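Below, the features straight out of Swiss-Prot:
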SIGNAL    1-26  signal peptide
REGION    104-1268  region 'Disordered'
COMPBIAS  212-227  compositional bias 'Low complexity'
MOD_RES   290  hydroxyproline
MOD_RES   293  hydroxyproline
MOD_RES   296  hydroxyproline
COMPBIAS  322-340  compositional bias 'Low complexity'
COMPBIAS  427-443  compositional bias 'Low complexity'
COMPBIAS  604-626  compositional bias 'Low complexity'
MOD_RES   611  hydroxyproline
MOD_RES   617  hydroxyproline
COMPBIAS  694-709  compositional bias 'Low complexity'
COMPBIAS  710-721  compositional bias 'Basic and acidic residues'
COMPBIAS  742-758  compositional bias 'Low complexity'
COMPBIAS  776-787  compositional bias 'Basic and acidic residues'
COMPBIAS  826-841  compositional bias 'Low complexity'
MOD_RES   919  3-hydroxyproline
COMPBIAS  1063-1072  compositional bias 'Basic and acidic residues'
COMPBIAS  1093-1114  compositional bias 'Low complexity'
COMPBIAS  1127-1141  compositional bias 'Basic and acidic residues'
MOD_RES   1156  3-hydroxyproline
DISULFID  1296-1328  disulfide bond
DISULFID  1336-1497  disulfide bond
DISULFID  1405-1450  disulfide bond
């Protein structure tokens, strides 16, 4: 029992934490949604919940079944064996009155009441209950021979109740109870009140460690659960103390007539007889009320997968279809007055699924996961493009001395040729012929798991499996990972028009210019004010039939239907989200090899992985390429005198000889690190079909599915023929309940038994659970392929996918047909007068507009001098709009206007189609090496240490006698590298190891000392000395050619004298090339500068005269790459050289940079979503411009930027079980598994035969693994941190109040909180006031500098909003500026958890009134604040929307700097934080103000 609790505790805590969020959501949604699918019943004005049972009359019993009332009549027992039966009040059936002295005394005990309704059982296993009452009396046994009449003996002791039987299988879960009204606020938080009920009985509260709140009112009764399966009979217990006399049992059925006995004589009264054996079980009584759900049974064996169920009957007609196409938009109505802001709307219904979003940018690399089990080897990939040559590696250890080669034929010494001009890059040579395939090597170590192949076609229908036992209801699982973005939904209708924007300040009237020509059509302006609703349009045409509606309420259990036709295979579904990593399955049989997939695109280079496990030795590789020339070694000590060679000059290097024979197999080398995953190879031929696999291990039992619809009632079966009567056998042990036999002939009257009270008539029982699985049937033949199934219902709308990278520009499309004319936009406000254009041709005369109002007749004056500009007059009444005249010809385009302020967001446009995939971006710079992981288990021998300093070559010692082979010792720690010994004799060539990963680039070593002279070669004939050619002029430097493959090893050159180090000079202008100087030593590497813009190509310099060839300088250290230089002019073509010998095969290069994008191919199918890119830092918020005049209504814009990911939707219904997956690759026990499971010992005995494969073998060694204890201890610590988080970034609290309750000793300061729970990645840093429990979030930025923000020639004493109206002003933001949306989301949850909010705002002023106007003695010029719900908070008016002032030194305009401190405190937490501020007394050039935004605090 305690073990169960310990296992359940972590899950239980997760359930409790989930419950907090669910309860909050439920409180929001219950008020709106009512009671979901459950339908109550009403009878005689009384309302009953679904599944309620009641008795409207004594002899009638009813049940509410989803709105339908089912009643049944109670039938009474025909005969009561008593003198005067009595019918109790309110009951239907009479019972025997229990009189004293009748042997049935009840000792004052009252009648047994009706069975109460089951309460709500929490998902907590309680302690084991007491034994149940004794079963019903058995039926009467066969009549025995008549015995002598005995005296009645005293009542024997009653036996102790037997132990309870095996718990029955759990019933299907009942439907949810009707939601209760929310209880009053508890002392703690809403979740505490919910947990208080659990705390009273189960003790759960004390385990979880929550502070209980006050108990809410009891909710209405939940529905009745289904009856659990009857448990088996327990063993008979030892006799108990005498119990109270039981009620009289029912009369047993009459036994068969026995043979007549001989009449015996009356005997002496006998001794008390022993208690008789328990009689056979009586016939089953009327069905009782369904019992409370039983305890979860033991986990059964995994059942076989069942066949696909029969096709259901045709569903009810679907709900109303989708709306027809949107009708034409009505004419724009007149502009309505602006309405007050409405309260926040309720949560709308889930929208239709959007279209699949474009792929998002790749995400940040996640933290390195644990080392996975090595997967099976992937198929070899296509060879990658040749990469750039890697940096020169560190010098390797000195190799063994090779065998002496044969002397080559002497060649003639050629004369040195003239240096040729630098040739242009040659074209790449043709691809060489494919080599013959090598012999098959031993199997490699398992590679990483391959990407999942395409879904195979549906296989033939399998044999119907035996039904599995119903599984135990599991605890609620953790929330699954966020699913992949769903496809784009269909285009939604045009959204409602937004609210009317704020009216801008009145502009000065301009001088009336002459009418300009009609300009070209302007760019679309900002969205205008919305018009009032138009008249309702005509009724649309009948829409198409809508999709199938959501499933209706669950019907009552029907009779089993007849099996339907096999369904057609459904359409292929979308790829599901990757599931949670399941437990490692048993090793399945090897499947047939699948067809090779198409080669995928080359992936981006991943971060360097951990070294793989030691692989098996690979096949012998081909001969390696010759290495680069080694640096000269130290001069060796003279060796022993060699045999005299023939003197001769050194001949030229002979051609490379053919590869030698394979040497003997060398010792196994240390394993190289795992190479990069190769690309998938070309598709191989399809393999032959594999043999059918063995029957798989039965899968885990699936979750209990929803009850199916009620089937049609089956026909009654035929009656079987009666069997032959058998001979009476010996009396056996009491059996279980047998089925009722055929009615026997009436026997003689038995002795009347004690009459028991009749039980209540039970309700018709629900369908019983599935029977135990029958024996395994023979394997059936493969069924024929079923007909195609009907398409499934549309899936629920997926989450919107992440925003994909912009695609490449597509080819210019053909010009489309002219679209329908857009809606007439509302009239824009008057723009500034443009500069006078040239007079255009006169347009056609428009229709005359209606006559305007008569003006006042003015007195004609003499034309005076132009006066100064007057103040703006009030606008005259607007005349009625005339009908639009015909379009005039296009005029000259006007000057470009200034940038307008950002308009209000436009209405949501139709989602555009997904853009094409953009060209691949340039390869990113290789990232820095990741941090070192924790030390692993004992690994293979470490990497070779850095080579030590060269030792001198020791004298050659005499060869010692060979020693005997010693035992192999454990690998010791790496010693310091010793001095290099003399070269040993050449060993046999080892097999080529696996290509290692590229090592980190080492610094270039210092040049070595000259090596020892080689043995003199045979003398070749002296060649003729050629004439020395004249030195050619130095050609201009050509552009860098491609990196060539390594050439054959050249002879070592003589050491040159090192040049002196030159001083690092400043970079001068580029001069003409001078004569070639002596090479200087390598300068110190400079820090890499930024890549400059490519310069213009320089003019070709004059060639300098050739300088003498200097001795080669010492190789300097390799510098860091400099900036890209300008591209030089192309050199002249050199003479074509002789064709060289074929070079050695080069190393496989690294992957090259991606080539330029090719022409656009045909539209491919949607690819696999790429990884998310790292999120770029958001740019700084720019200042808002002045509010522009609203322009005409623009065309429908492109789809908007994808919104942030919404909150997780409600959990959908469980999907149907998928087909069984293919068998996984054989796994390897990794070190981590070895730690926990213990090391498998091959000498362990096999499992005993009496244990089946899925049971644990007995552990005779009884090992205890310390790794398990450490894991449990770590898990316990993590759970403790989950229960009481400490406010760190890794373990954020939910609110500061929670933190205060869990850690009352903590001081006030900054802590991390995560109000929406879930991932800790979106936790925010806040200030916690530990004295009050307040959670305070700071503004960002927290102040506005004091200056003149608003200048107006005619201040009109109206509030001017800093964020909306003023240039460079913006509304106040809160939280981290790098992720402002996170703070907004968290504040939404924080408001749900808080009952009060407060905030202070400080207005810093100079010559500007903040609150009280000292001159006018009123509050007309007080600052106005705007809350988060767009509510204006003022100095006067309704007290709920009024702030208080803590300090005010801004009442006088005396040139001093003052400040006014406002405070607003409210229990409507949606009004805070303050997001904008509007001073009234601003506009003058000497008026300045600034703002300090205090943190908003919730408690």
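Cβ coordinates come from backbone N, Cα and C, glycine included.
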Do you know offhand how many angstrom separate residue 1336 (disulfide bond) and residue 1296 (disulfide bond) by C-alpha?
9
How many Å lie between the Cα of residue 1405 (disulfide bond) and the Cα of residue 1497 (disulfide bond)?
25
Based on DSSP, name the secondary structure state of residue 1450 (disulfide bond): helix, strand or coil.
coil
When the number of other CB atoms within 10 A of each residue's CB is tallied over all shown chains, which of the disulfide-bonded residues 1336, 1405 has the maximum?
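Highest number of other Cβ atoms within 10 Å: 1405.
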Determine the most Cβ-crowded residue among the disulfide-bonded residues 1296, 1328, 1450, using a 10 Å radius around each Cβ and all protein chains in the structure.
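Top count of Cβ atoms within 10 Å goes to 1450.
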Work out the three-state DSSP category of residue 1296 (disulfide bond).
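DSSP call for residue 1296 (disulfide bond): helix.
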Roughly how many Å separate the Cα of residue 1296 (disulfide bond) from that of residue 1497 (disulfide bond), to the nearest whole number?
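Just about 10 Å between their Cα atoms.
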Could you give the Cα-Cα distance between residue 1497 (disulfide bond) and residue 1328 (disulfide bond), in whole Å?
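Rounded to a whole number, the Cα-Cα distance is 9 Å.
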If you count Cβ atoms within 10 Å of the Cβ of residue 1497 (disulfide bond), leaving out that atom itself, what do you get?
25
Quick check for the class: what is the C-alpha distance, in angstrom and rounded, between residue 1450 (disulfide bond) and residue 1328 (disulfide bond)?
32
